[in-house]
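Per Swiss-Prot, these features apply:
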DISULFID  128-134  disulfide bond
DISULFID  205-327  disulfide bond
DISULFID  505-508  disulfide bond
DOMAIN    457-590  domain 'Thioredoxin'
SIGNAL    1-24  signal peptide
TRANSMEM  193-213  transmembrane segment
TRANSMEM  229-249  transmembrane segment
TRANSMEM  266-286  transmembrane segment
TRANSMEM  310-330  transmembrane segment
TRANSMEM  349-369  transmembrane segment
TRANSMEM  388-408  transmembrane segment
TRANSMEM  409-429  transmembrane segment
TRANSMEM  438-458  transmembrane segment
């Protein structure tokens, strides 16, 4: 009897299985049921014990918090020095390959330097699901208990005191000792600093000085072993590297105080203009160097050191790091300004250390083998200097791309490519060595290829290219529920698609880049009236809209019929590829 009952129950369960998808469709597709509300994905708690405040997040499995999106804003209170946990590295196509995230749990201990009875701390965080679903930034205001102001204390290398400031437009402001949003995806590896340092060694201001510097650090001691010569040269280079390393750490530490400001368009444009001026100095438009009086004072101080001794050579190298010749000032200033945006002390110090080592490698070779290894001076040295001018010009293009957008960024990169390869083409025409003509042909071809985006912008893209790649869909922007209702009423008998978008939503950008531009998707979307609500700023009116539409995160796409009613089971949450999205649209508008 028991076996018969078990068999009947099993048959009943198997019979109901095909009905489960149909019942699930009544409440939305399976794509939308797999995500939990933000308060469940990231359970936040806090505890204050005297002058110590602990913030903790319990992160649900399969979800993560962005380190760069954690923002702390004290109100009528002062926070002491602290650091955020390093987190784990995460590959992100749009934020960069080296984004720091937190999984499972996060605990932050904050020292309170001063607080009153009415003091508060605004804590903001933002995270996503591994499956491709992002939540809007969450903010919680924490009441603080009053404590007496503590005497000021210095900050260490690994920490910084916070200065409360309002977040910039777009919700990307960061007030924390963590790197800014683009700190980890700067298109600049520290190894590039090594190559730049080696290249700077072959500029007309630096290369002729190496034999003289080699003689100075070795002194009058002619009978030195190879090991001793190598040791003296390395000690000199390490002394120079120490100066540059400390300079990089100091610049990064200063940049920590202004990370939110470093994301402002006005400052990005100003930095881009400064980089352009530095590049012009490399092209010989003007000369940039330390005042001659300061250089003379440093030279006299260096000459007082004992030549041929390890301490004296080390001090000479450290002082040499302060000399800025016309050829080194511009690249060094560009690197310093660039790494100031990272706020990462170790990254900045290591970058400048590699830069100094790169400059010192030719010096070590000269000390060991003499000046015979050095190439002869000539016009090629000036060409090396000009080449670094183009390297510096890449930095303002990167900065302006954030302000002007991807389209103008592509045009600026195209313009830089045309200028660089065109310059290389002219140099190859003037060269007389074998193979220069073939290299000139290659440079000409690269110039024409680089000019393609500019050509498409000025004269329009070819029709066959447009039809192959698919044009970007045109959405009608909406911000409030009233505007959405008005657009639904005005829809000309067509179903309506409402896309909820934000810049901090990675999957939203994947939709825009991969799905919406697919030709089959574009064809199906033409049957819909397209609306889009940009909630990047996470303003109160935008949070109200998300609440009214019962949206817990992005990307979320809603579909309405021609009468303005949301189509049951049509709502999408999370990323969907072009093929699946096309099939979904065909079901809604066959």
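The backbone N, Cα and C atoms fix where each Cβ goes, and this holds for glycine too.
What you see is a predicted model, and the numbers here were worked out from it, not measured in a lab.
Recorded features from Swiss-Prot, shown on the structure.
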| residue | record | Cβ within 10 Å |
| --- | --- | --- |
| 128 | disulfide bond | 24 |
| 134 | disulfide bond | 22 |
| 505 | disulfide bond | 27 |
| 508 | disulfide bond | 26 |
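On the backbone, the CA of residue 508 (disulfide bond) and the CA of residue 134 (disulfide bond) stand 9 Å apart. Taking every recorded stretch in 229-249, 266-286, 349-369, 438-458 and counting its Cβ pairs under 8 Å to the transmembrane segment (409-429), the highest total belongs to 438-458. Secondary structure from DSSP puts residue 508 (disulfide bond) in a helix.
Remark: the transmembrane segment (388-408) makes no contact with the transmembrane segment (229-249), by the rule of 3 or more CB pairs under 8 A.
Residue 134 (disulfide bond) sits 6 Å from residue 505 (disulfide bond), taking the C-alpha atoms as the reference points.
Taking the Cα atom of each, residue 128 (disulfide bond) and residue 505 (disulfide bond) are about 8 angstrom apart. Looking just at the domain 'Thioredoxin' (457-590), the mean pLDDT is 85.
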